[in-house]
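Participant: To start, I am sharing the structure in question, which I have written as structure tokens.
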Amino acid sequence: TARNMVSFYTLVEDSHIAYGLLTNTLLIFAIVKYTRASLGTYKQLQLIFGLYDLFLVTLHAILKPRVMVVETTIFGVAADYWNDRYITTFYCSCNTVPFVLMIIDFLYRYWCIAHPHLISLFTVKWFIALLVFFPSLEYVVWYFTCTEILTGQGPEIGKTLLQEESVRRLGHEISEGWLVMNYWENDEFQPRIFSALMIFNTIMIGCFSIAITLGSLTYYHIYVLRMSGNTISANALAMQRKLFVSVCAQTAVPLFFVYIPYLCVLNLPFLNLPCFFWDDACMLLTSCFPAWDAFIVIVLMPDYWRGLMGVIWKKKKANNRESSLSVPTTSAVAVNNARF
């Protein structure tokens with residue numbers, strides 16, 4: 001049944017929340033403790049990304065967002081138990097910030113390999129302000145679109161259907177807090193809702209296209225440097241390749257866990273196509289993003305996983321040493337008792 005499937009998704013979602021808290025905490029510790037000095041300001045960037053992922057995990061755990069599509073053409077999202085559409089909007093907008101952070105990540109990697117003289121800009125105040133401005137602007141645009149263009153404030157057929165569907169799937173009603181996109185209300189095209197869809201698509205596809213372009217340029221320059229063999233040392237080039245692979249893997253994570261689910265649940269209702277499992281799985285996949293993002297960074301950065309393994313190994317050795325020291329003491333007591 002639908003309720004059993006949602007219960008399964010919720011169980012997996014909760015486990016990924018716990019996993020995300022663990023992996024991001026470990027990543028932040030590894031960044032602070034084991035980042036080599038040669039990475040320069042990239043350490044601060046990674047720390048910001050890790051802290052933001054930890055924030056997203058915590059936000060997801062608190063708000064428990066739910067996505068539903070009913071009658072094929074009506075999309076709705078709401079924070080469970082909160083009954084406040086501004087809280088729902090806050091969650092949705094916060095989850096779009098990584099779209100721009102991904103561009104910043106690729107920009108840094110591209111400049112490192114192609115224009116190293118520009119890296120110093122990442123320490124200049126006006127450039128830092130510019131880097132903060134773009135994700136903030138994206139957040140504001142997404143927030144404004146949700147609150148001012150999407151419906152769900154008052155009574156409407158789409159909201160009523162979503163309320164009824166929440167009872168069927170969850171066993172309780174989410175009465176308020178809905179952001180509703182009813183593209184074909186009363187079988188009539190709704191240009192206002194369509195304009196919101198175009199804004200969302202432009203942000204997502206635009207950000208991903210810029211990131212892919214920067215990634216392709218980075219790959220090209222690494223290939224050119226490898227062929228020339230004279231511009232950069234072998235060790236530095238090897239490090240750039242590792243970092244590039246890490247960034248590419250980090251790009252694949254939001255693609256599969258955020259971009260594809262978001263595009264499906266937003267666009268399929270407009271096309272009057274069935275969503276299948278995407279609406280139920282959307283928030284589950286979103287919860288996977290911060291957890292696996294941190295895991296991939298740890299695995300692909302040898303300094304991090306070696307450092308973390310070293311901590312575990314040292315603790316294990318210390319425990320073994322304490323155990324071995326306690327054995328002779330016990331034996332000595334036994335011998336002394338035997339003598340007397």
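The backbone N, Cα and C atoms fix where each Cβ goes, and this holds for glycine too.
No curator has checked TrEMBL annotations; they are predicted automatically.
Annotations for this protein, taken from TrEMBL, read as follows:
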{"type": "TRANSMEM", "residues": "16-35", "note": "transmembrane segment"}
{"type": "TRANSMEM", "residues": "47-67", "note": "transmembrane segment"}
{"type": "TRANSMEM", "residues": "87-111", "note": "transmembrane segment"}
{"type": "TRANSMEM", "residues": "118-137", "note": "transmembrane segment"}
{"type": "TRANSMEM", "residues": "193-222", "note": "transmembrane segment"}
{"type": "TRANSMEM", "residues": "243-263", "note": "transmembrane segment"}
{"type": "TRANSMEM", "residues": "283-305", "note": "transmembrane segment"}
Participant: Before we move on, state whether the transmembrane segment (118-137) and the transmembrane segment (193-222) share at least 3 Cβ pairs under 8 Å, counting only pairs 6 or more apart in sequence.
Facilitator: no
Participant: With Cβ distances under 8 Å as the criterion, find the stretch in 16-35, 87-111, 193-222, 243-263, 283-305 that has the most pairs with the transmembrane segment (47-67).
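Facilitator: Answer, by Cβ pair count: 16-35.
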Participant: For the transmembrane segment (193-222), could you work out the same-chain residues 6 or more beyond its ends whose Cβ comes under 8 Å from its Cβ atoms?
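Facilitator: Answer is 96, 99-100, 102-103, 105-107, 109-110, 113-114, 138, 141-142, 145-146, 149-151, 181-183, 237, 240-241, 244, 247-248, 251, 255, 259, 262-263, 266-267, 270.
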